[in-house]
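TrEMBL has this to say about the protein:
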- 49-69: transmembrane segment (TRANSMEM)
- 140-150: compositional bias 'Basic and acidic residues' (COMPBIAS)
- 194-209: compositional bias 'Basic and acidic residues' (COMPBIAS)
- Asp430: active site (ACT_SITE)
- Glu566: active site (ACT_SITE)
- Thr655: Ca(2+) binding site (BINDING)
Amino acid sequence: AAGSPRRDFISVTLGPEEAAGVGGYNNSKAWRRRSCWRKWKQLSRLQRSVILFLFAFLAVCGVISYTSMGETWKSITNKSLDDQRTEQEIPRLKLANPAVLPAPQKADANHGDYPELSLQKPPKSPHVRRGPSNLQIKAPRRDTRLKTRHDTMRAVEELVEADKVEKTEKSIISWRGAVIEPDQSTEPPSSKIMELEKPSPVEPEDQKEPVPINERQLAVIEAFRHAWKGYKDFAWGHDELKPLSKSYSEWFGLGLTLIDALDTMWILGLKEEFEEARKWVANDLVFDKNVDVNLFESTIRILGGLLSTYHLSGDSLFLEKAKDIGNRLMPAFKTPSKIPYSDVNIGRGTAHPPRWTSDSTVAEVTSIQLEFRELSRLTGDEKFRKAVDEVMKHVHILSGKNDGLVPMFINTNSGQFTHLGVYTLGARADSYYEYLLKQWIQGGKKENELLEDYMRAIEGVKKHLLQRSEPKKLTFVGELAHGHFSAKMDHLVCFLPGTLALGAHNGLAADHMKLAETLIETCYQMYAQVETGLSPEIVHFNLHAQKGHKDVEIKPADRHNLLRPETVESLFYMYRFTGDKKYQDWGWEILQNFNRYTRVPTGGYTSINNVQNPSNPEPRDKMESFFLGETLKYMFLLFSDDIDLINLDKYVFNTEAHPLPIWVPA
Ligand code: DMJ
């Protein structure tokens, strides 16, 4: 074979008849069979192999395509069956859960493995509906199969998550973390859009799971309910409860206790009581009344109470009422010196000083700023803020101070301090110092004059007013009268440890905290050294050790207790900032003693005349509004371990314990 050319082709030789197409066409089967066979025989072996191979190949292709057609057919048949089943199930599911079920997804491929997912399209996540597209979380493609268990779990989680978000979206406000459904909301729908443009009343992080309430907090709730029962039964809508005579007293005739207690109810979670009180505010609280009110008292209790309740609840009713009373109080500032008068007639729009003098009290004219400044911020009306800022600027440059300590009176005509030479941190001056620090905190720690005045005043306290008692060497804050030190300390001064601690927490001198620690011990001793375990209104400290004498002496005229809050207030701050449980224990003792000596069985608590007589503390038949507004609120907060329950980096309490937002929270 070498050298001979290789033929790589098949030649088929046709006979002459076939080639010419002549000789007629014999169509008989036998002839055709014979002819084919003859032709097959004439083919070479290779040719026959190729042809056989071609036939075999075609046969295999035929079988494959038949199988595939069968599958297609089967699939078409199944699909139409599925369609029928889904159509039948839809009405039943629609009835079961109309809000969530989407339109039927006929072509959804999920049925096989995870039928429960295939029937229900995930509810739209709010992320899909809101926000710039690059931040949107895309909904899964409808034809995506869930191949793995991991995929399934994720899908289930997404569904649950989306459902949660949707539910949260539907709810309006949080009741200290618990969700309130829209129909329970106190927010009138029309005001909601307006609210969004305002500073958010409840930050999202405030809506986290509430820390469970403990036994002591429950005891506070029980005490509040008992007090509220008395107020509701005998004094509803009036200023103060007289629990023994089962009646009430009026001061301004503005439901003072009810307004003072609103935010306490909110904080304690007393929803029913709050709703009932809200109704009274909505329907019965009218400021258009021919009545004289004290500017300071109505600002801290009414304006402050309404503003804080507005912030906590988000209910614009309270802001409207706050605006109303704020406007009605403004005539007080129309004085020659711009130092406001003490009294305003909120119906007539006239103001005047007390009948016997043209002086105002320094603490009063300098402790209305947190409230009016906040009112300006909320309303956008600067007049409120301007009026109170003017007072502070004026007092800042005024002569007559003693190392930052202020006298107790200021004249509304001349604008000068009067009755010079007497310095106290008690009545008539106390909250001047408190509001220097708190305004500085409220405004984001930028107003340096306020800080300067505060720091200087604390130095003045250290220099002139601190002494130590005998025998226990308790550090206390006395008074200075024309150069003479008096060992007299009002219970009111017990706000000071809390204020000092708040300042230290906000970065002020560390020795302020040390002083706070020693002073709160003293305030506690003002309770502990007394027979009933309750502090009198005023104590005198012994400067010299005498046999059989304690540190604390009480004069007959001073041995009453008005259910005041200051010590409990400071205990709250001290516990928040140190975590030392002894402060909670001290507060617990005080609550028990209030229950022992001031609780009236038919409802309410009463101030008493004699803290030194446990067998007859001489009930006075009056429950001050600040017992509910302040004392029980601070008790509840003191016993809480939840620092977000009125977070002190977000809120600043006014002097009546109404929390107002810090404008630039830490
Ligand atoms: C409250 O009205 C306020 O705390 C005010 O600052 C002082 N007096 C009472 C409570 O004692």
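Cβ from N, Cα, C; glycine included.
Because the structure is a prediction, the values reported are computed rather than measured.
Locations of recorded TrEMBL features on the structure.
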residue	record	CB count, 10 Å
Asp430	active site	24
Glu566	active site	26
Thr655	Ca(2+) binding site	27
Rounded to a whole angstrom, what is the C-alpha distance between Glu566 (active site) and Thr655 (Ca(2+) binding site)?
10
According to DSSP, collapsed to three classes, what secondary structure does Asp430 (active site) have?
helix
Round to the nearest Å and give the CA-to-CA distance linking Asp430 (active site) with the residue listed as 'Ca(2+) binding site'.
10
